[in-house]
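Right, one structure below, let's go through it.
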Amino acid sequence: MTQIDTVAAAPPATLALNEAEQRQTGQIADRLARTEPGLTDDPKWLAAVRDASAELPTRLLVELRRFRHDAGPDATLLIRDLPVSPPGGSNALPPTPTRPGSVERTATTAAAVITLAMLQLGEVLAYRNEKTGALVQNVVPVPGQKTQQSNAGSVLLEMHNENAFHPNRPDYVGLLCVREDPGGQARLRTASVRRALPLLSAQARQVLSEERFLTEAPPSFGVVEDAAPAHAILLGSRQDPGILVDFSATHPLDEEAREAMAELRDVLTRTASALPLRPGDLAIVDNRLAVHGRTSFTPRYDGTDRWLHRVYASLDHRRSRPVRRDGGSVLD
Ligand SMILES: O=C(O)CCC(=O)C(=O)O
Ligand SMILES: [Fe+2]
């Protein structure tokens, strides 16, 4: 599929940290990078991050709290100028990983920063079948996976709700840029149902509100055996619905449903923001109201490629308790 040029909407709600806030956040994150046992998936380390997240700069805490209350028209929050380099500076950053399924098990400055922010929004979670259940995952282009509709690919990644097929999909997806695309092409695209709704025909709105769609699991999940039930794409309130779709994994069940989905894709594409993430940019997407995707780009696979960390958060941890062994963070 060819690259789509979007008439990018205005950037979403943005908070740029000032120097003092950046220093304050850096001190907390560097301290956490040295906190035992120094492993991102360890409950003891997570408890230390949870406590430390209360010490984040007040403006950041206020912005996260407001976003949790109401994600706004774009359902995306961009926080800029977060510290992501180890204490030695950006020269001390290791090369961008190139292995499939790469994750960040070690408690680095950047891993601490994204976990701090996401733990203020909700509870962090991961899926046992996805990226080996790691809480902090790497989003990097992987040799041989160029054309995959997953975050390891580099062709256009279709807009999607994260883990749309999953009954316990995350409420928030955090994407923190550690290294920018050296080719300057990659853009994270986010599009909100709140922007799209007024541009949809009455017919499309009606059809999208009916259970006329099926969504399969993405390639990152391996095989999922249970057949998913048919679902609507516009969920809940007629006036302010949620959205549930993955344009590479959701299938319309009839011709009208196919047309309505095509109309929605077109409207979302026209209203999407396209963010060329820089190091220290954290984009948080409300996964109930917004979809996200990525433009195509040209990876080099030489350690200098675009590198993001990804962390999920959920608002209601109780709901997934039956599938979280020992009350941990990983869903079966
Ligand atoms: O590469 C990106 O900007 C987004 C990839 C993505 O959809 C994800 O990691 O969930
Ligand atoms: Fe995604």
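Including glycine, each Cβ sits where the backbone N, Cα and C put it.
Residues or ranges marked as Fe cation binding site in TrEMBL: His160, Glu162, His292. Around the Cβ of His160 (Fe cation binding site), the number of neighbouring Cβ atoms within 10 Å comes to 21. In the three-state DSSP classification, His160 (Fe cation binding site) falls within a strand.
The feature domain 'TauD/TfdA-like' is assigned by TrEMBL to 143-312.
Taken from TrEMBL, the feature region 'Disordered' applies to 81-103. Secondary structure of the region 'Disordered' (81-103) per DSSP, as helix, strand and coil residue counts: 3 helix, 1 strand, 19 coil.
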- Under an 8 Å Cβ to Cβ limit, what residues of the same chain, 6 or more beyond the ends of the region 'Disordered' (81-103), are close to it? 16-18, 22, 25-26, 29-30, 33, 109-110, 113, 117, 131-132, 134, 136-138, 140-145, 152, 176-179, 279-282, 301-307
- Note on the structure: For His292 (Fe cation binding site), the three-state DSSP class is strand
- Query: Of all the binding-site residues here, Glu162, His292, which one's CB has the most other CB atoms within 10 A?
  - Reply: His292
- Rounded mean pLDDT within the domain 'TauD/TfdA-like' (143-312) lands at 95
